[in-house]
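A.B. asks: I'd like to ask some things about the structure below.
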Amino acid sequence: MAGKETNGGPAFSPSLDEKTSLENRASNGTVAVPTITVSALAKKSTKNWTNIRRGYEFGGPVGVVAMMTLFPLLMYYLWICLEFYDGRIVYPTSVDDVKSFLLRMIGHVRQHATPTWYTFNLFSGFVAYQLGIALILPGYIQEGLPVPSLNYKTLKYNCNALACWYFTIATVVVLHTTHLFRITEIIDNFARIMSVAMIYGWGVSIATYVWAVSTGNAMRMSGNLPYDFFMGAALNPRLGSVDLKMWAEVRIPWMLLFWISVSGGVKQYETYGYITPNMAFMMLATGLYINACCKGEECIPQTWDMFHEKWGFMVIFWNFATYCYSIIYMATHDPSKYRFSTPTYVALYTTLLTAYYIFDTSMAQKSRFRMQMQGSYQYRWTFPQLPWGTLKNPKYIQTAHGNRLLISGWWAYLRKPNYTADWTMSLTWGLVIGAASPIPYFYSVFFICVLIHRCGRDFERCAAKYGDDWVEYCGIVKWRFIPYVY
Ligand code: NDP
């Protein structure tokens, strides 16, 4: 194992054939961290972890077929409970009731969720607009991590999400104020738009799969069609300068979610003459999230979704569907059903802002550290820049692989501080309507399952990749999500 170090001092093992260079960028406010390139030894050891996942995940073909069938049904079911049954979980009361229950469900979908040309054009226009501005607006060029499956080639990403985000805000304001498109149309047509989004999820998944397989861009395939379709075939499909996976991850779901909450807020204002603190909370929460994704877009190429996960149904479907149940409840129910006391509002807003701060700075700390390590970090001012986002003289473990594991900042306390903070935010998206309905808590329940499963997959991969160094890291940073608990 390579030598250990603290306080950012050099710690390369002479046995590694890494090129190292100490870049002192103190002049532009960054920290001096030795840069590395992946060594031949690291490449050899990486073969172990890139190939460890030969077995099926997610319950194999049966599990993924079940998920692909049940997820769309679940989305309809939750929406029906929210909109037509006052947010209660409804079910057949007897075996005899099953048939009429199913007919009632189908009736709601047929009557209120069947796509129309208007909603199809609306959603398509939004997607085309996002793709168009992503193709033409200038952005910050960020180099991704070396991709093992591309023989350690690094890809360049045109990070123009922030420009596109500001551009979209300006466009929506113009459309709404000139009455060319009223923003409340989103809430009024929510279920039909959700159906169109699901059709897009399926359509894009099929098109990407066929393209990848027919052009030789498929990788890490199991040979089982449903399973490969679910997991995806291509890693980084691109359209011109746009990396489709990165584009779809941010520009569709989080952008849409924000506009759904604004739509709900405007709807409330037009109905009651004011916006409830609860709806304002969701506008703030979704606004913070999309803004974080855009302002820190250059950090996204460093995430697991980008360098490991393929662009298949699993990722695509959730990119075209969103977590907006508390907004739908508030937009369709009287505010008296979810009114809180002032201290409760203060607690709710404080929890959100604290969790956001930890989410934002923990992601920034690790991503900037990794970019510094790779030698690709450049200071980029975006709004807001929060204190402690960049660590000075961070401590790390030098691994024999060549990479370094950060053990400073939030990463000194937890192995997944970003997951804990992200999940806490998701919980507040349910807490915002209190006990009025259990359905808005679905996102946090679903999300904790995703995060625990993802954490397990990630740690298994890291253990194979870093070997004894990972064991040592886990000894230093003992807790995953919550100190002294888990
Ligand atoms: P991480 O940001 O935790 O990245 C994991 C990778 O980071 C590891 O594979 C490892 O890569 C590297 N790493 C782990 N620990 C360290 C360390 N101490 N120092 C340096 N590198 C380290 O996870 P994700 O990419 O999964 O998630 C990114 C964000 O996206 C999270 O905040 C998550 O909550 C969010 N997310 C949101 C979802 C949603 O639907 N809302 C869904 C999924 C994620 P390497 O092998 O290169 O060292």
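Backbone N, Cα and C atoms are what each Cβ position is placed from, and that goes for glycine too.
Sharing the features that TrEMBL gives for it:
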- 58-79: transmembrane segment (TRANSMEM)
- 120-140: transmembrane segment (TRANSMEM)
- 160-181: transmembrane segment (TRANSMEM)
- 193-212: transmembrane segment (TRANSMEM)
- 311-330: transmembrane segment (TRANSMEM)
- 342-359: transmembrane segment (TRANSMEM)
- 427-452: transmembrane segment (TRANSMEM)
A.B. asks: Are there residues at least six beyond either end of the transmembrane segment (58-79) with Cβ under 8 Å to its Cβ atoms? List them, or say none.
C.D. replies: 105, 108-109, 113, 190-191, 194, 198, 224, 226-227, 229-231, 313-314, 317, 321, 325, 328, 439, 442
A.B. asks: Against the transmembrane segment (160-181), which of these stretches has the most C-beta pairs under 8 Å: 120-140, 193-212, 342-359, 427-452?
C.D. replies: 120-140
A.B. asks: Give the nonlocal contacts of the transmembrane segment (342-359) in its own chain as ranges (CB under 8 Å, at least six residues past its ends).
C.D. replies: 277, 281, 284-285, 288, 292, 386, 410, 417-418, 420-422, 424-425, 428, 431-432
A.B. asks: By Cβ distance under 8 Å, which residues at least 6 away from the ends of the transmembrane segment (427-452) in the same chain are close to it?
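C.D. replies: Cβ under 8 Å, 6 or more out: 78, 81-82, 86-89, 278, 281-282, 285, 323, 325-326, 329-330, 333, 337-338, 340, 348, 351-352, 355, 416, 419, 481.
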